[in-house]
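Each remark here refers to the structure printed beneath this line.
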Amino acid sequence: MSAIKEVKSELRQFMKTLLGKISKEETQRQTEAVFEKIIESKWFQESKRLSVYVSTSGEIQTDSIIQKALEMGKEVFIPQFTKGSTAMDMVRVPDQTAFDNLPSTLWGIRQPEPKWKWQSYHETGPLDLILAPGVAFSPYGLRCGHGKGYYDRFFSTHHKHFPENSPKKIGLALREQIIGTIPISETDVELDEVIYEGETIIFDTI
């Protein structure tokens, strides 16, 4: 294991313990604060095709964001991945009822069954906004994911499909997920902003 991978592994273990101590009530309180900042933002209001992660424990909850986006008539895409694959697709949520009935699959993450054949984003065009999760975030726009590399590869794949279209990349964080620094490798992709209760960190105003 390389030095960077080892440090990231230790960071994930530390954050897992830390985030496990946060109550559901506190997570919900911070989620509501982040939700208000998101729906009031210009980039959310103007977005037409956005990707939103489907939340689990220990992170900002996204059900209300997805519901709001659908109510506003936006095209909402969520992650879909399969066991043994390193690739992650973003597939369109048909409607609120379909989202509410998502089964819990790998790692307890809700996603559609492959046989449902939800439409992939690249069949109809680029995304203009991606709301990404993470284990930890730095004050400089770096994120530490869960170690599978799904989002970094997805960012790269989106660029290959649509090199002229760069979606806004936003990280959503609990306050406890903001740390001083994160070791990086050449495949790590920087975010444009990190949104959390009490503050917004902007790294790229393009």
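Positions of Cβ are set from backbone N, Cα and C atoms, glycine also.
Annotation comment: Swiss-Prot describes Lys8, Ser9, Glu10, Leu11, Arg12, Arg143, Cys144, Gly145, His146, Gly147, Lys148, Gly149, Tyr150, Tyr151 as ATP binding site, evidence class similarity to another entry. All chains included, 21 other C-beta atoms sit within 10 angstroms of the C-beta of Cys144 (ATP binding site).
Under the heading substrate binding site, Swiss-Prot lists Val54, Glu59, His146, Gly147, Lys148, Gly149, Tyr150, citing similarity to another entry as support. The Cβ of Gly147 (substrate binding site) lies under 8 Å from the Cβ of Lys8, Ser9, Arg12, each on the same chain and at least six residues away in sequence. Under the three-state DSSP scheme, Gly147 (substrate binding site) falls in the coil class.
When Cβ atoms from all protein chains are considered, those within 10 Å of Asp152 (Mg(2+) binding site) total 16, not counting its own. According to Swiss-Prot, the Mg(2+) binding site annotation covers Asp152, Asp188.
Summarising the environment of Asp188 (Mg(2+) binding site), the number of other Cβ atoms within 10 Å of its Cβ, over all protein chains shown, is 18.
Largest Cα-to-Cα span within the substrate-binding set Val54, Glu59, His146, Gly147, Lys148, Gly149, Tyr150: 18 Å.
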